[in-house]
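S.K.: TrEMBL lists Gly77, Pro78, Lys79, Trp80, Glu81, Asn82, Leu83, Pro84, Pro85, Ala86, Glu87, Gln88, Pro89, Glu90 with the feature NAD(+) binding site. Among the features that TrEMBL reports, substrate binding site is placed at Arg98, Arg108, Arg137, Asp227. The feature Mg(2+) binding site is assigned by TrEMBL to Asp227, Asp251, Asp255. Sequence annotations record features per position, and here TrEMBL assigns domain 'Isopropylmalate dehydrogenase-like' to 5-361. Here TrEMBL flags Tyr144, Lys194 as site 'Important for catalysis'.
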Amino acid sequence: MKTLKFAVLPGDYIGPEVMSVALDVLKAATEPAGIKLDYTEAHVGGAGIDNEGKALPDSTIKVCEEADAILFGSIGGPKWENLPPAEQPERAALLPIRKHFNLFANLRPGLLYQELTDASPLKAERIPEGIDMVCVRELTGGIYFGPKRTETLEDGDIQATDEMVYKKSEIERILDVAIASAKARSGKICSVDKANVLTTSVLWRKTATEYVAKHAPEIELSHMYVDNAAMQMARDPNQFDVIVTENMFGDIISDEMGIVCGSLGMLSSASLGTGKNKYDLPFGLYEPSGGTAPDIAGKGIANPCAQILSAALMLRYSFGENEIAEKIEKAVKQAVMDGFRTGDISFGKPSIGTKEMAAAIIERL
Ligand SMILES: NC(=O)C1=CN([C@@H]2O[C@H](COP(=O)(O)OP(=O)(O)OC[C@H]3O[C@@H](n4cnc5c(N)ncnc54)[C@H](O)[C@@H]3O)[C@@H](O)[C@H]2O)C=CC1
Ligand SMILES: CC(C)CC(=O)C(=O)O
Ligand SMILES: [Mg+2]
């Protein structure tokens, strides 16, 4: 019997709500194939601070290191916002766990089923076939990880600095991921930068141009400034197929992609790095693209699809279980097509809660 060993880090606010039902879906999808789940839960983020005094406890890192993949909820929220910035969950756990496991490539599939176009804020005639694209976001470099400081100047003013830093090698390795993605799709990459202003973007654009020409000349590469990309995403998202971009631009653009695809609650993600697990497959962290949604937490109404679809990505990338991953993805789509909708995608029509949504998906597996 095959056993899948992974770490489960539910995190904060809606994290545990959507994680618990995602595990139910995983169990229901893998059991018929004779696959056993061997997962260990650990605290992270605010839950780490509250239970173990640290956003990323050593014991949590150990659980992750002993696993073949990490299924992650989301972390942070108002409860911990008054802590010193460096101790807050996002800075003290999310960025460090990505760095610790060298998870430099964040894949966010932007998918809007044709049957769900009414959930997008875009007019249906702009997206008659739905939306299908992927955002490849660099995840361990750029301004989030560059030097930071706050200082008092001689005149008494206060100055804060975040530095955006990129090495050519970091740009090349994320391009490799985008190229692989584009080869499996339409063969088109749009590289998003701000090369008219930022030095890192000048290096980004030059590297992208030279690297793709040399290593994947069959790929059609285009470049777009990030401000225009944000506008184009709202105007005509289907002009994009694979977007590759740096950390902060990818963070922002992918939230926009999430909403044009209906809701952040539908947007899954896979963060992959250089590490391999015992199956010689990528060790990855799988998490919804959105955050902890404190505004709806505790009500049982969060959309669990992003967490469930992230679990499907884990099956595909880290465990090679493509068929079961696809089965989950189809069940999510079918449930939505059959009219089962949480509030974020119901738009005035009757909506159901997190558990009911998961139950509808399990029924359709
Ligand atoms: N990977 C992570 O752990 C992330 C953590 N965060 C943290 O989450 C906290 C809240 O951040 P916000 O800026 O409010 O962003 P958010 O993504 O949590 O929420 C933005 C909006 O989207 C909605 N939303 C998000 N996920 C949803 C779901 N599954 N179902 C239905 N609606 C959903 C929320 O209700 C809210 O209206 C902050 O502390 C932030 O730092 C934010 C993004 C990622
Ligand atoms: C703390 C942030 C970098 C988390 C986030 O918004 C994301 O990864 O999308
Ligand atoms: Mg984000």
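For all residues, glycine too, the Cβ spot is worked out from N, Cα and C.
Note that TrEMBL annotation is computational and uncurated.
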S.K.: Spatially, and counting Cα to Cα, which of the recorded positions is closest to Arg108 (substrate binding site)? Options: Glu81, Glu87, Tyr144, Lys194.
M.R.: Tyr144
S.K.: Give me the CA-CA distance between Asp255 (Mg(2+) binding site) and Lys79 (NAD(+) binding site), in Å, as a whole number.
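M.R.: Given the Cα positions, Asp255 (Mg(2+) binding site) is 23 Å from Lys79 (NAD(+) binding site).
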S.K.: Which of these binding-site residues (Gly77, Glu81, Asp255) have a C-beta closer than 6 Å to some atom of ligand 1?
M.R.: Gly77
S.K.: Using C-alpha atoms, which one of the recorded positions Lys79, Leu83, Pro85, Lys194 comes nearest to Asp227 (substrate binding site)?
M.R.: Lys194
S.K.: Taking just the CA atoms, what is the gap between Pro89 (NAD(+) binding site) and Arg98 (substrate binding site) in Å?
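M.R.: Each residue's Cα considered, Pro89 (NAD(+) binding site) and Arg98 (substrate binding site) end up 13 Å apart.
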S.K.: Give the number of CB atoms, excluding that of Tyr144 (site 'Important for catalysis') itself, located within 10 Å of its CB.
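M.R.: Taking every protein chain into account, the count is 21.
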S.K.: Near ligand 2, which of the recorded positions show up if the criterion is a Cβ under 6 Å from one of its atoms? Options: Gly77, Lys194, Asp227.
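M.R.: Near the molecule: none at all.
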S.K.: For the binding-site residues listed here (Glu87, Pro89, Arg137), which one has the lowest count of neighbouring CB atoms within 10 Å of its own CB?
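M.R.: Relative to the other binding-site residues in Glu87, Pro89, Arg137, Glu87 has the fewest Cβ atoms within 10 Å.
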